[in-house]
Amino acid sequence: MLRVEGLYSGYGRIEALHGIDIDVREGEIVALIGANGAGKTTLLMTICGNPRASAGRVTLAGEDITGLPTHLIARRGLAHSPEGRRIFPRMSVLENLRMGASIADPRHFKDDLDRVLGLFPRLGERLDQRGGTLSGGEQQMLAIGRALMSRPRLLLLDEPSLGLAPLVVRQIFEIIATINREQGVTVLLVEQNAFHALSLAHRAHVMVTGRIALSGSGAELLNNPEIRAHYLDGGAGGGAVSTS
Amino acid sequence: MAAALSPPLIRSAALAAVVAALLALPLMGVRLVDSSSGLSLAGRPDLVAWAAGGVFCGRLLIDLFRRWIADFSIRLPLPPPPPDWTRFAVGWGLALFALVLPFLPFADRNLVDKATMVLIYIMLGWGLNIVVGLAGLLDLGFVAFYAVGAYSYALLSLTFGLSFWVCLPLAGLFAAVFGIALGFPVLRLRGDYLAIVTLGFGEIIRIVLQNWQDLTGGPIGISGIERPSLFGLSFKAVPPEGQTSFAEFFGLDYSADHRVIFLYFLILILALATNLFTLRIRRLPVGRAWEALREDEIACRSLGINPTTIKLSAFALGAMFAGFAGSFFATRQGFISPESFTFIESAMILAIVVLGGMGSQIGIVLAALLLVGLPEWFRDLQMYRMLAFGAAMVLIMLWKPSGLLSSRAPTIRLGGRA
C-alpha cells in the first residue's frame, strides 16, 4: 500500500532523514518508535509532502506521490492525523467532522458520521460543543474521527497518546485496533509509547537519528532485550512515556 | 473596599500616572504666549497634574472594578449562552428598523444621510469580515478595493456612458481581480507579514491613482459622475432630454429628499445582499473551509483542502463587496479623489470588524454604528469630540476585549445534517 524507498528529507540545510526504507502492506498496523528527535514525525510529514523529500521515492498503492502537494496526497486516500491533534478549536465537533469529509462524497456524510460516532460515542454527546473545550482525550478522538471521515485507505497517526492519561491511552489504542480490524483501514503509527505501539502493531520499525535501526514484528521487538532496555523499562504496563 | 487597595494596585496606578505625565508634559504642559518681547513659552503645570491625577484615579477605578467583577463572577455560575433565536430576532429587528427608518417622524434628510454613511461602512465591514473574520487573513489595505470599485464606476460611466446598474457588477469584478492580484503574492504569508504587505498594497493603489493623471485625474480626482436612476427614472430637478423624473412619474412635487432616500435604500439593499451572501456561504464547504483555514492551515492541508484556492476566493469575494460599495460611494458623492481612500479608511473598517467581534455579522453592525455614528453624535462636544471617541473605544476594549459579539454559531447542527 505505502512504500518508502531511500527517503532523504530535512528542514533547510539540516537533514533529518538519511535514507529511510519502509513499507506498509494493506490491512497492517505498522508502528514507528524512537526517541525524541529521531525523525519519526519528519518521516510522516515528508510522506505527506511537507517538507518535500530531497531524494528517494514514496509510492501509494503503486502511484508515485513524491513531491505532490499535501492536499493532493490527502485526496488519494491518505489521511494524516498530525502531531498535536490540530483540531479546529473554535468550530464545533460536528463542524470538525464535516471538515474531515471535505473531499468525500457529500452523500456519504451521514453514513460516515454514524460510523465515526459509533467508534467514538463520546463525540456524539458533544456535537455542538466547540472543539477547543474538549478534554485532551476527546480532542484526540476528534482528530482521529476527523481523519476517518474521508474514508481513507491509509491512516497516518502521529503520537495519538501524547499528553493523555494512561487509561485514555489504552482506550485510544483499542479504538485504533478496532478501526484496523473491523474497517480494514491500514495504519502507520508513530509513537513514543513503545509498549502500547508494539503490542498493537503487526510490524514495527525503530528509528534512531534519521535511520531505521531495527525492524521486525511487534512481538519480536517487544521481546528484544535491546529494545526493552532502551524504550520499555519503566514504561511497560503503565502506559507512561518511556525515555532513552 | 479599602482593604482591596493593595500596594500592587497603587503601584500600577502610579506607573500609569507617570506615563501620562510624561506624555502630557510636551503635549499639554507648554503653551506659546504673546508677550512684549515676542513669543515665549509658558508652563502649564496644572494641566499636567490634572492629566496625571485623572489617569491615576482612572486606572485605580478600573482595577478595582475588574477585581470586583472577578470576585462576583466566581460566585455566580456562568450565564448560559443566549439561545439562537435572540441572534435571529436582533438581526431581523435591525433590518426592519433600517427599512422603515426614512419614514419615521424624526428622520430628516441629515439623519438619512448619516445612516447611508453608516451603511457603507457596514457593507465594507461585512466585506472585510470575509477576509479577516472568517478566513483569518489580516488585511490592512482593504480600502484599495473600495477605491478600485469607485474609480471603475466613475471611469466606465464617464468614458462609455454605461449606467450604474451595468457598472456595478463590472466594478465588483474589477475589484475581485485586484483581490486575486493581491492574493497571489501573499499566499505564503501570515499574520504580521501579511498585514505589512497588504498595507503596502493599499498605498500602492492610492499612489497610482494620485499619479496616473491621464486616467484618474491625479489629485484633482474625477467629478461629474453620473447619479443613479431608478429604472430610468431620474432624480434630478430637471430630467435630461427624453427621461422622466421620479417625482413626475409618481405625481409628487420635486424634492431633493427623494434622491437621499433612494440612495439610502440602494446601499441598504447592497449591504443586505452582502450579509445574506456571507450567512449562506458560511454554511457551504468553501465558507467552512475559510474558517477552518483561520483555525489551522496544516490541518486543512492534511484534510485535502487546497489553501491556495480557499485564500484566493476569500480575497476575491471580500474585494468584490468593497468594489460594490466603492461604486455606490462614487455615485453618491458624484466626485472622487485619492483623498477618500487613505489608510485611515482601512484602519476604520478593520476597527469595525475587530470591535464587532471578528466574524460576527451583527457585531459589525453595532461596531459601525458606534465608530461612524459616535463621532457624529459627539459633534456637540466640539473640541472634545475625538477625546470622547477615544475614551469610548478604550471602554469597549476594557468591557469586551474580544469584541462586542464574539460568540460564534455553528454552521451545521445535527437536525440539519445531510
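Along the chain as shown, residues are numbered 1 onward.
From the backbone N, Cα and C atoms, a Cβ is placed for every residue, glycine too.
Bear in mind that TrEMBL entries carry predicted annotations, made automatically and left uncurated.
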Correct range for transmembrane segment (source TrEMBL, candidates B:52-70, B:261-279): B:261-279
Where TrEMBL places transmembrane segment among the ranges B:30-49, B:310-329: B:310-329
Cβ-Cβ under 8 Å with the transmembrane segment (B:118-147): same-chain residues at least 6 beyond its ends: 98, 175, 178-179, 182, 186, 191-192, 194-196, 198-206, 209, 264, 267-268, 270-271, 274-275, 278, 282, 287, 290-291, 293-295, 310-311, 314-315, 317-326, 328-329, 338, 340-343, 345-350, 352-354, 356, 358-361, 364-365, 367-369, 371-373
Contacting positions for the transmembrane segment (B:349-371) when only residues 6+ beyond its ends and CB under 8 Å are counted: 87, 90-91, 94, 118, 121-122, 124-126, 128-129, 132-134, 139-140, 142-143, 275, 278-279, 291, 392-393, 396-397, 400, 402-408
Leading stretch by Cβ pairs under 8 Å, where the reference is the transmembrane segment (B:310-329) and the options are B:85-106, B:153-181, B:261-279, B:383-399: B:153-181
